[in-house]
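Encoded as structure tokens, the structure appears first; notes follow it.
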Amino acid sequence: MSKCGRKKYMRTNVRQMTMETVESQQDRSVTRSVAEHSSAHMQTGQISVPTLAQVSVAGSGTGRGSPAVTLVQLPSGQTVQVQGVIQTPHPSVIQSPQIQTVQVATIAETDDSADSEVIDSHKRREILSRRPSYRKILNELSSDVPGIPKIEEEKSEEEGTPPNIATMAVPTSIYQTSTGQYIAIAQGGTIQISNPGSDGVQGLQALTMTNSGAPPPGATIVQYAAQSADGTQQFFVPGSQVVVQDEETDLAPSHMAAATGDMPTYQIRAPTTALPQGVVMAASPGSLHSPQQLAEEATRKRELRLMKNREAAKECRRRKKEYVKCLESRVAVLEVQNKKLIEELETLKDICSPKTD
């Protein structure tokens, strides 16, 4: 046999061997897929499992790398060509998540607990309603002492608004002055003053906040509509100081309100300086300052700062002088020691010079 014949014979043998291996692998893959399909149908609960009537495997291909074609005949009589692809099975990486079961149980409240809560709320309301008011306690304590001003109780909303009051509702705080006047302060900052002869809050007159052209710093201007006979009154006002202005007529005499001490007590008197008619100023030692007082305060602070600076400079100069004196004394000591060392050096030279000769 020639060499060409041997080569052809070997090639045909190799092709047959490769085709047989491909067909065997395709048969294995088909049987595996059929088994998996049947097992899946059995797991899902299907009773009838479709079976393949005929599976014929035919290998076609001329080259070594050409894929093989598988003919699969279905029960309905159809023939399907399936191109075999050999794949190595990979283990599944998907892991089933761990599910934690949480049981939620709702506990219904019993009727006893609900009844106890209702009873507790009723008791709390009764205790709060039985408590005496702060003004009632003060009135009971100050009823025996004539010097302490009496604090009037507030009128309830059921009694209605007094007929003489047209610009505000029932006041929240009512005070009685030493001369018998009633002063009412509402939540919005409105002040009302009644005459001594009026009953309760009847005859209260409104004091409204206004703005003037150039008010002093820290002052507040209000409208004043009442006037006493003697011209001197004292009343207690919680909060900031006020400036009182006559509301009835522009020709009425003006008044000045001055606060003395830490207690907010104001004395109304005639002004000594030329002020606009009907306008008065309220001055307080702690909060209101005139421009002259502000200038004096600034001058005093400046002088105090200069005095502190002078004292600090004097102390600095004194320390510098002490340091210079200390340095001078050290220089003097070093000069004396230097002279002694020079003398000792000369004596040593004199002693050593004859020996060398």
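Glycine residues also receive a Cβ, built from the backbone N, Cα and C atoms like all the rest.
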196-221, 300-325 - the one Swiss-Prot records as region 'Basic motif': 300-325
Listed as phosphoserine by Swiss-Prot, one of S60, S76, S129, S287: S287
Swiss-Prot annotation of region 'Leucine-zipper' - which of the ranges 239-260, 327-348 it falls on: 327-348
DSSP-derived helix, strand and coil totals, residue by residue, for the region 'Basic motif' (300-325): 26 helix, 0 strand, 0 coil
S290 (phosphoserine) and S116 (phosphoserine), distance between Cα atoms, whole Å: 65
